[in-house]
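Features of the protein shown, as given by TrEMBL:
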- 1-20: signal peptide (SIGNAL)
- 23-216: domain 'Albumin' (DOMAIN)
- 80-90: disulfide bond (DISULFID)
- 103-115: disulfide bond (DISULFID)
- 149-194: disulfide bond (DISULFID)
- 217-409: domain 'Albumin' (DOMAIN)
- 230-276: disulfide bond (DISULFID)
- 275-283: disulfide bond (DISULFID)
- 279: Ca(2+) binding site (BINDING)
- 295-309: disulfide bond (DISULFID)
- 308-319: disulfide bond (DISULFID)
- 390-399: disulfide bond (DISULFID)
- 410-607: domain 'Albumin' (DOMAIN)
- 491-507: disulfide bond (DISULFID)
- 506-517: disulfide bond (DISULFID)
- 544-589: disulfide bond (DISULFID)
- 588-597: disulfide bond (DISULFID)
């Protein structure tokens, strides 16, 4: 059986065994045993998921050791299924069996400390290794075309297993169904580009360059999105994640009733709980249950997902996510005044607080696809605060009426921030817009390295190029939701290695208000500026590079160093120093020996700049 058949059968079987939503009753039942799971998935399918799980938990393990562990667990599962055994090994929870297998291996990278602990602390320890493994492996890159085709002709199907291992160890939070879907794309690319068994296609390199982004890019994007979701769940809890999913699903399916949308949102949040804990098998089962429920009930959700539900199972989830929001029902008013004006509001708020707030969020979200999900959560939090204040004994009679004015103010402020950012982007272009961001974020977060600051601001600049060309109805969802991913990266970086108190406050206090909080940060007063040492500002011949991208990168590094040296620098001072630097660079780059010129002129520039900065 080849890998393509394995992957299709795996997900078709998991769909057939899925039960109807919601899953809450299932969560209280006894977990499926390893023998039962083996019988449901069959041997090759079980082995594929085991390979993913071991590669993700032990990202430094070789393919040989990871494959051997997958073989060992599969052998145990085979024995347990064959004899319906009630031996202790067969009755262990699945996650414990996988971790026991890891801990029986000697000299696996970084696992000894975790293996010394008892469950559930051991499981939590391995999850923390997943967090710390970001950057442990190099990112997944476009494979070398000729080498990949040569390996395929020599090794055949095992090559896809190796690809699954490579993707899994590089992306420890990537869900198993996503990895299997990417593996199918990889198989298709190899078939299309490598030609027949007799020899590779003559245009193999060109073919790889054209098709590889379809394999590599979704891996990076999905891995970031899934790690982001797990970060929200870990830091802000299940209530916040459910609210976020409720807002997103209400926008996607505005014609669906509250009960259906709420049911799906709860199921999706529950799925992420399993997936973020690293329970690959339960994660896969949850995902397929949700797809089954959505496609079975598409008449109640949306008319736009029929084509998605007719696709092969592996492609359904991505298709539904990328489908345009359904049209709003006719006659929906933009406001939900009944949640402000009805006399029984305070009584309902007191009796069923969370459900009442969920109904408000559903009604407001389905009316406003032009708002971002974090903005909708801020509106929901504003409504909650309004009721807490206005429903208390002794509150003024017109207390709730001010809610509409506060809402308009928040919407205006959010739209103004995005419009202003896009105006600056359109005026300055990519490079100079990124420099504006570098100046802002270096002052807010001077503890970040130059590489980190350039990376994060580059990602923000890409958001400008992607979103600022859209109409007003698409700008906010595009800009703020993509920016939310970058800020999530910054906050996870802070969690691993604290940046400063301001970032700590913004990353910890509220998910919905994280973007406005970071936007309002100013110069970090706790930061001790860099001392002026002889090597702090070094000018070399690379400043004369004809490669514009390298030159811009070098100049951005120098800008960051200057800001870390003088965080309080004024725009006028920065302009003067920049002009002096540009003049020196142009002068030296015209010389026959630029290096000698920089060696002479550089110290003079630093002295003049010191005078400008102390003026």
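Heads up, the Cβ atoms here are built off N, Cα and C, so glycines get one too.
Worth saying up front: this structure is predicted, and the values here are computed from it rather than measured.
Within the same chain, the residues at least 6 positions away from residue 517 (disulfide bond) whose Cβ sits under 8 Å from its Cβ are 505, 506, 509, 510, listed in sequence order. Calculated from their C-alpha atoms, the gap between residue 194 (disulfide bond) and residue 597 (disulfide bond) amounts to 52 Å. Within the model, the domain 'Albumin' (217-409) shows a mean pLDDT value of 91, rounded to a whole number. Spatial neighbours are here defined as Cα atoms within 10 angstroms of one another, and by that definition the neighbours of residue 309 (disulfide bond) among the disulfide-bonded residues 103, 276, 319, 588 are 319. Distance between Cα atoms for residue 390 (disulfide bond) and residue 319 (disulfide bond): 44 Å, as a whole number.
In this structure the C-alpha atoms belonging to residue 283 (disulfide bond) and residue 276 (disulfide bond) are separated by 9 Å. In this structure, of the disulfide-bonded residues 194, 275, 399, the smallest number of CB atoms within 10 A of the CB marks 399. Within 10 Å of residue 295 (disulfide bond), counting C-alpha to C-alpha distances, fall the following of the disulfide-bonded residues 80, 276, 308, 491, 507: 308.
Within its own chain, residue 589 (disulfide bond) has 543, 544 as residues 6 or more apart in sequence whose C-beta sits under 8 angstroms from its own.
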